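*Asks:* For reference, the structure I am asking about is given below.
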Amino acid sequence: MPSLKTAVVGAGAWGTALADLLARNGHAVSLWAYESEVAQAIDEQHANPVFLPGFDLHPELRGSNDLPRTLEGAELVVLVMPTHVFREVLGKAAPHLPPGAAIVTCSKGIEGGTGFTMAQVAADVLAPEHRDHLAALSGPSFAKEVASGTPTAVTVGSERPEVAQKVQAAFAGPRFRVYTSRDIVGVELGGAVKNPLAIAAGMVAGLDLGHNAMSAMITRGLAEMTRLGLSLGADLATLAGLAGLGDLVLTCTGSLSRNRMVGTRLAKGETIEQITSSMRQVAEGVKNTTTILSLARRQGVEMPIIEVVQRVLAGETTPELALDELMTREPKPEHY
Ligand SMILES: NC(=O)C1=CN([C@@H]2O[C@H](COP(=O)(O)OP(=O)(O)OC[C@H]3O[C@@H](n4cnc5c(N)ncnc54)[C@H](O)[C@@H]3O)[C@@H](O)[C@H]2O)C=CC1
Ligand SMILES: O=C(CO)COP(=O)(O)O
């Protein structure tokens, strides 16, 4: 793979881990950070003590707080902003995107109001000549594990196979396996929907409800993800793959998940305000539960687990009552 001039936009844990991976793959990477102190630490100390503490970053990785300079001449642009600021930051980046650059979304969520995935937001914001170069990368991938170099496999979706293959080649390495897919909607939807489901799984864990309950939560969560995905044109195989089931299992069972941790803390009696005010990192499920539910209602799709998560987050019920409520819903066939 030839070395690509690469811009990574967003220096949270995931943007930093991906930028480091791309630099290790021999690309010339510039990482834009929203906070100037984060940009400076990346550039000068080769570290991100705020969002990815404890890792030495590649010495050639450049940090910057200047978006136009970060994007100058980029052949690959990797977008990793939290979803609630995605449109705003991309709007600022748009005039500086070089023509022909592959543009990859790596954020996991659905935009409020529009119900768009992040690649759909990008298609909405960007000039028509950029739209043919869009891709989305998603799958079971905790930033800390990717930064440690433990084996990880993800999927990159694009309507254009040549774009997916370019992105695949740029990211792939002996510890980071990348599959391609034409189903960009399915790839993005899996990553978005698993976040509120991981909050539910955290509640199951926090209440010590046992392994049976966790397995039921994951499987019925997958049913909700699948119903919504199919209604939006996603492929069943994508939802059963890395970006769907794979990421759902990881975040529902992995102690590194921020969304799962939110659910566990809710179950232990903290309020959502107490939890979010104690975190600088983003747990996308907190804001995205409502955006996903609105999308589901628009599609006429039932998502009972995500509905109770929304009511717990709104303070309308407790995790105990919410989980009881799920168990006592009207009896029905498993598949309908
Ligand atoms: N951390 C992980 O393991 C993974 C995260 N993701 C996704 O990546 C996206 C980014 O998450 P992380 O990198 O983990 O972030 P993070 O939670 O580590 O850090 C928060 C990020 O938000 C940025 N930020 C806060 N306010 C901002 C504003 N007003 N404008 C622009 N940026 C602002 C911060 O600069 C920082 O980059 C999310 O959608 C997340 O779901 C996807 C896969 C793995
Ligand atoms: O998306 C992730 C792993 O694939 C990270 O999950 P959390 O945002 O819940 O930490």
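The backbone N, Cα and C atoms fix where each Cβ goes, and this holds for glycine too.
Dumping what TrEMBL says about this protein:
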- LYS194: active site, proton acceptor (ACT_SITE)
- GLY10, ALA11, GLY12, ALA13, TRP14, GLY15, ALA143, ARG258: NAD(+) binding site (BINDING)
- TRP14, LYS108, ALA143, ARG258, VAL282, GLU284: NADPH binding site (BINDING)
- LYS108, GLY139, SER141, LYS194, ASP247, SER257, ARG258, ASN259: sn-glycerol 3-phosphate binding site (BINDING)
- LYS108, ARG258, ASN259: substrate binding site (BINDING)
- 6-163: domain 'Glycerol-3-phosphate dehydrogenase NAD-dependent N-terminal' (DOMAIN)
- 183-323: domain 'Glycerol-3-phosphate dehydrogenase NAD-dependent C-terminal' (DOMAIN)
*Asks:* Listed binding-site residues: GLY15, SER257, ARG258. Which have a CB under 6 angstroms from an atom of ligand 1?
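*Replies:* Checking each Cβ against ligand 1, the ones under 6 Å are GLY15.
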*Asks:* Going by C-alpha distance, which of the recorded positions LYS108, GLY139, LYS194, SER257, VAL282 is nearest to GLY12 (NAD(+) binding site)?
*Replies:* VAL282
*Asks:* Determine the C-alpha span of the substrate site listed in the record, that is the greatest distance between any two of LYS108, ARG258, ASN259, in Å to the nearest whole number.
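*Replies:* In whole numbers, the farthest two Cα atoms are 13 Å apart.
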*Asks:* Which residues in the same chain, at least 6 apart in sequence, have a Cβ under 8 Å from the Cβ of ALA143 (NAD(+) binding site)?
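*Replies:* Sequence-distant Cβ neighbours: GLY12, ALA13, TRP14, THR16, ALA17, LEU52.
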*Asks:* In Å, how long is the longest CA to CA span across TRP14, LYS108, ALA143, ARG258, VAL282, GLU284, which the record gives as the NADPH binders?
*Replies:* 15
*Asks:* Near the residue listed as 'active site, proton acceptor', which binding-site residues out of ALA11, LYS108, ASP247, ASN259, VAL282 have their CA within 10 Å?
*Replies:* LYS108, ASP247, ASN259
*Asks:* Can you tell me which of these binding-site residues sit near ligand 2, meaning the Cβ is under 6 Å from at least one of its atoms: GLY12, ALA143, ASN259?
*Replies:* ASN259
*Asks:* Taking every residue in the domain 'Glycerol-3-phosphate dehydrogenase NAD-dependent N-terminal' (6-163), what is their average pLDDT?
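*Replies:* 98, rounded to a whole number.
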*Asks:* Which value in Å gives the longest Cα to Cα span across the NAD(+) site residues GLY10, ALA11, GLY12, ALA13, TRP14, GLY15, ALA143, ARG258 as recorded?
*Replies:* 18
*Asks:* What same-chain residues, at least 6 away in sequence, bring their CB to under 8 Å of the CB of SER257 (sn-glycerol 3-phosphate binding site)?
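*Replies:* In sequence order, PHE142, ALA198, GLY202, LEU250, THR251 meet the Cβ cut-off.
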*Asks:* For ASN259 (sn-glycerol 3-phosphate binding site), write down the residues of its own chain that are at least 6 apart in sequence and whose Cβ falls under 8 Å from its Cβ; none is a fine answer.
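*Replies:* In sequence order, the residues whose Cβ lies under 8 Å from that of ASN259 (sn-glycerol 3-phosphate binding site) (at least 6 apart) are LYS194, ASN195, PRO196, ALA198, ILE199, GLY202, THR251, ALA283, GLU284, GLY285, VAL286.
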*Asks:* Select one residue from LYS108, LYS194, ARG258: among these recorded positions, choose the one with the most other Cβ atoms within 10 Å of its Cβ.
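*Replies:* Comparing the recorded positions LYS108, LYS194, ARG258, the most crowded Cβ belongs to LYS194.
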*Asks:* Can you name every residue in this chain, apart from LYS108, ARG258, ASN259, with its Cβ inside 8 Å of the center of the Cβ atoms of the recorded substrate site?
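*Replies:* Neighbours within 8 Å of the Cβ centroid, excluding LYS108, ARG258, ASN259: LYS194, ASN195, ALA198, THR251, SER257, ARG260, VAL282, ALA283, GLU284, GLY285.
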*Asks:* Mind checking which of GLY10, GLY15, GLY139 has the fewest other CB atoms within 10 A of its CB? They're the binding-site residues.
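*Replies:* Across GLY10, GLY15, GLY139, these binding-site residues, the one with fewest Cβ atoms within 10 Å is GLY139.
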*Asks:* Using C-alpha atoms, which one of the binding-site residues ALA11, GLY15, GLY139, ARG258 comes nearest to LYS108 (NADPH binding site)?
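*Replies:* Out of the listed candidates, the nearest Cα belongs to GLY139.
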